[in-house]
There are 2 protein chains.
Amino acid sequence: MPKYTPPLRDIHFVIHELLSAEKIFASLPAYKEVDKETLNQIIEEAGKFASEIAFPLNQVGDKEGCVRRDDGSVSTPAGFKEAYAQYVEGGWPSLSCDPEYGGQGLPQLLNTVLYEMLNSANQAWAMYPGLSHGAYECLHAHGTPEQKKLYLDKLVSGLWTGTMCLTEPHCGTDLGMLRTTAHATSDGAYSVTGTKIFISSGEHDLSENIIHLVLARLPDSPKGTKGISLFAVPKFLVNPDGSLGERNRVSCGSLEHKMGIHGNATCVMNFDGALGSLVGEPHKGLSAMFVMMNAARLGVGMQSLGLTEVAYQNSVAYAKDRLQMRSLTGPKEPDKAADPIIVHPDVRRMLLTQRAYSEGARAFAYWVALMIDTELNHPDDDVRKDTADMVTLLTPIVKAFLTDNAFTATNEGLQVFGGHGYIAEWGMEQYVRDARITMIYEGTNTIQSLDLLGRKVLGDMGQKLRKFGKIVEAFIEDEGVRKDMQEFIDPLADLASKVEKLTKEIGMKAMMNHDEVGAAAVPYLRLVGHLVYAYFFARMAKIALTNKASPDSFYQAKLFTARFYFAKLLPETAQLIRAASAGSKTLMAMPADLF
Amino acid sequence: MPKYTPPLRDIHFVIHELLSAEKIFASLPAYKEVDKETLNQIIEEAGKFASEIAFPLNQVGDKEGCVRRDDGSVSTPAGFKEAYAQYVEGGWPSLSCDPEYGGQGLPQLLNTVLYEMLNSANQAWAMYPGLSHGAYECLHAHGTPEQKKLYLDKLVSGLWTGTMCLTEPHCGTDLGMLRTTAHATSDGAYSVTGTKIFISSGEHDLSENIIHLVLARLPDSPKGTKGISLFAVPKFLVNPDGSLGERNRVSCGSLEHKMGIHGNATCVMNFDGALGSLVGEPHKGLSAMFVMMNAARLGVGMQSLGLTEVAYQNSVAYAKDRLQMRSLTGPKEPDKAADPIIVHPDVRRMLLTQRAYSEGARAFAYWVALMIDTELNHPDDDVRKDTADMVTLLTPIVKAFLTDNAFTATNEGLQVFGGHGYIAEWGMEQYVRDARITMIYEGTNTIQSLDLLGRKVLGDMGQKLRKFGKIVEAFIEDEGVRKDMQEFIDPLADLASKVEKLTKEIGMKAMMNHDEVGAAAVPYLRLVGHLVYAYFFARMAKIALTNKASPDSFYQAKLFTARFYFAKLLPETAQLIRAASAGSKTLMAMPADLF
């Protein structure tokens, strides 16, 4: 049976020692009273909920899955409903929500930490409150006063939950093709008709009402993505006083049988003249939905960090416990029948890969969360603009780099267990199956890569990328004089200049042939991901070196992990640069009928 | 629903045009009458069996799995038993078996082709005859005359099946720790007692008897792997006339719940004083079992090739069919609602990755199979020795490189399907789950890498590797003069010299510190794997260039695939060399308690 311990020490390190979050909060009026003690106390409580309530339901959720009854209702696995009730009772849904609607008004960073731990504990379960929080953010940003009044406090408290309904059988990536329609009714509402698929948390028994945010076309809509509107369609109609009215004409047609995240209900949702209200302006639904999508992309990053961390913890425990073979350099525990497998270099490679990806992801994702807090709350326009640019640039990297790495990491975790890793009861294969979806949903990793290279980098002539580059350069300049930092600064500087050069090269080629963007995008995103991680591992190494004499062995471990990252994972950049430079010719030359 | 078409054109290409198998068979007395027509006819029939009988049972096998009844009997999924009966009736188990025992005496190559197709069709099902064939080979090589008389003709006909029983709960890789015991009985038999786990095809309803080949310790055995003996333990005792006697004291205690290969019964087998007979000499069971293990490792390679091919076929079909977005260079099918996704460069990268891994694996694995035929049948001692050396060197590469690549390829296949790839009914996620075990069983890929670098390369001071190097050098010398071959010969020659240099470096470091072998082994194996593939893609490109004017577009497609391989997959070697050179220090420095 797997285990999970919230990694509080590393979380504290990243928040307080690496990012100095309290200092940043002191500059944000909304959070100026959020001090270290408050942060740590909430994080500790969140860790307890994750490890004690959500985690024990992870395997049973996978085994039981969700069940759709003949009446279209869906029951979640044993214990899910009770855990959700405790989550609501604990006030967790409201953590970073607007106090005007009953929220606690705490930073996004805290919500990010909460979701790391919830996802280590139980990804399928965490998707119920996760989607709901996205719906809250979307309505908070784009809802009408009436929608806010009717829905927000219930979403904030967790009494109701939410979904996002985008995909249809014939369109996922290409939302311009969507066919679901909406017609104005005589009383100012809209009647929505169509079929949506892959709707996570679409129907379930956790909450008394579900608010679906649905993309659909109005009758007079332009073709393509510019003719899509967004509607709020509740499962039960809501009376003006907020009480529940009639059942709306939206129902779960079936549940998908999936590779993983069995505990989450992935629904085919049928809208059959369901009544809803328009969110935001007509035909501008996609930009409203993107508020939710961007939050969801960071959320998917947190799923990946959570899975990476829990897979790491379990494979370390197994590697210390499992006795098999002797060390190549002679017995390390001669009294035992064999050495624990952690003595073997390649087992350590697998463990350290997971560890480095977990620590790198935590530093990176928490930093982005802090920038979101800054973007939304800083009094200075320029600071808001700069951090908004950073968040825009980095969101696809959080999504794609973390999810690819989580799939690698959970697979390494499985591999450490040998044959036992393939057996369900040990829990490791579930992490691999659960992780696999994160590379697909909320925009496939190819789409993220195109978004990064095409839109965010080349689309503004590299301006946003240069902002990030300046942050890296400043660090290199500051620390380059320290002799003990050379081992980190040199490869970081080398990579930074290679990324700059490659970006220019691709930009030149792309002007002649747009397929060059498509051909380079995936390796390019991973390359920039490594630049980000190299920057953070160098920063973390600096703190570790500064605390070298500390009796707290945490700093030594951090230094070992940073060195491993630079020696063994960063070399991937050599491949990525070659693959990204190799261009589109060998991809596009073969006529389709020869495949 | 997935589909499968036997890739006969490429199979013919590899056998006849690339490897000139008929010429080699002409030099082997046992096969001198095996001509092209015979080969093609059998391959075509095998393809029919695979695609028409075994393939339709693949998804139902995954869904139903195997069921153990209270009496310990195990039923396989619907249709498995009938398909096996047809397999036996068709004479397929006997294809490459010894005519003395009813075999058809055909080359291993044919059996290899058969297993590629069976595994494309249904890996879980193919494991029943697959394990059996391994048991046949082991008993054929090491059995006593009496064992051969009692068991071989039944295993050859397929009337009975076989297993290999190695792993125990506390030992998998480290067989020296095994505890199952065997005691001589008064009448010259042995009584075997112990628990074996992860026994594929351990109990089922396909055959009337099952011959278990079981590793166990005799009372006077030396410690470790030098004290392990091998026993043949039948499910039903066999009377001297070959008829079935009493039920033996061996039974299936439970079935494992696994990530994939659900249709194969993975059993905990309890031996409770089960009667068996000694195979080979006392205490030398491991070397006898290695006959079976080596065959099984090549068999696992065929599983990987089979899965890669079928994943490729299905994702190509989807990519041509699925309409989504427009090409970055402007609409390609303006009459349709969107372009088929095969217009997108990164979709093509995913497809071509699968295609290149499939074609590379086929060329490589068939070549190894032909060398096994040569090793076993060539009249010249030196030729037998040389090919035996090659097979020994290359077996761990077939196992580890092909299985890693198959996991990549099946995952790329899933990714092409987007969200649909994650849904069971499309069949792609099953390929990923099924492929995942191949990196673990028959010796994990780390063990394969240590076997290659430690034993097969450094263990004989690079002699075997140099034999392979000479084959590559000869090709480079022959073709280096052709101008149109430069694009392939230059990177091949470059890689060959880098492998040579790296091997020496690691050898030097390993003399000082054995952990350097463990640290370098995994990237080293992949590096040599790429050398093998680069060699074969260069050879295949040469044939394609020679047939450039042919109306058969197959040759153009081969050339496109080869160019893709060199441009986009071979760059991984840049990473591998850096990772292998980075040494053991960053892996071993961190004390275990800091993990």
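Cβ coordinates come from backbone N, Cα and C, glycine included.
Keep in mind that TrEMBL annotations are predicted by a computer and have not been checked by a curator.
If you look up TrEMBL, you'll see A:81-158 marked as domain 'Acyl-CoA dehydrogenase/oxidase N-terminal'. If you look up TrEMBL, you'll see A:164-272 marked as domain 'Acyl-CoA oxidase/dehydrogenase middle'. Look at TrEMBL and you will find A:284-450 tagged as domain 'Acyl-CoA dehydrogenase/oxidase C-terminal'. The domain 'Acetyl-CoA dehydrogenase-like C-terminal' feature in TrEMBL is assigned to A:470-591.
Assigned with DSSP, the residues of the domain 'Acyl-CoA dehydrogenase/oxidase N-terminal' (A:81-158) fall into helix, strand and coil as follows: 63 helix, 0 strand, 15 coil. Among the listed stretches A:81-158, A:164-272, A:470-591, the one sharing the most Cβ pairs under 8 Å with the domain 'Acyl-CoA dehydrogenase/oxidase C-terminal' (A:284-450) is A:81-158. Helix, strand and coil residue tallies for the domain 'Acetyl-CoA dehydrogenase-like C-terminal' (A:470-591), in that order: 102 helix, 0 strand, 20 coil [DSSP].
Confidence across the domain 'Acyl-CoA oxidase/dehydrogenase middle' (A:164-272), taken as the mean pLDDT and rounded to a whole number, stands at 97.
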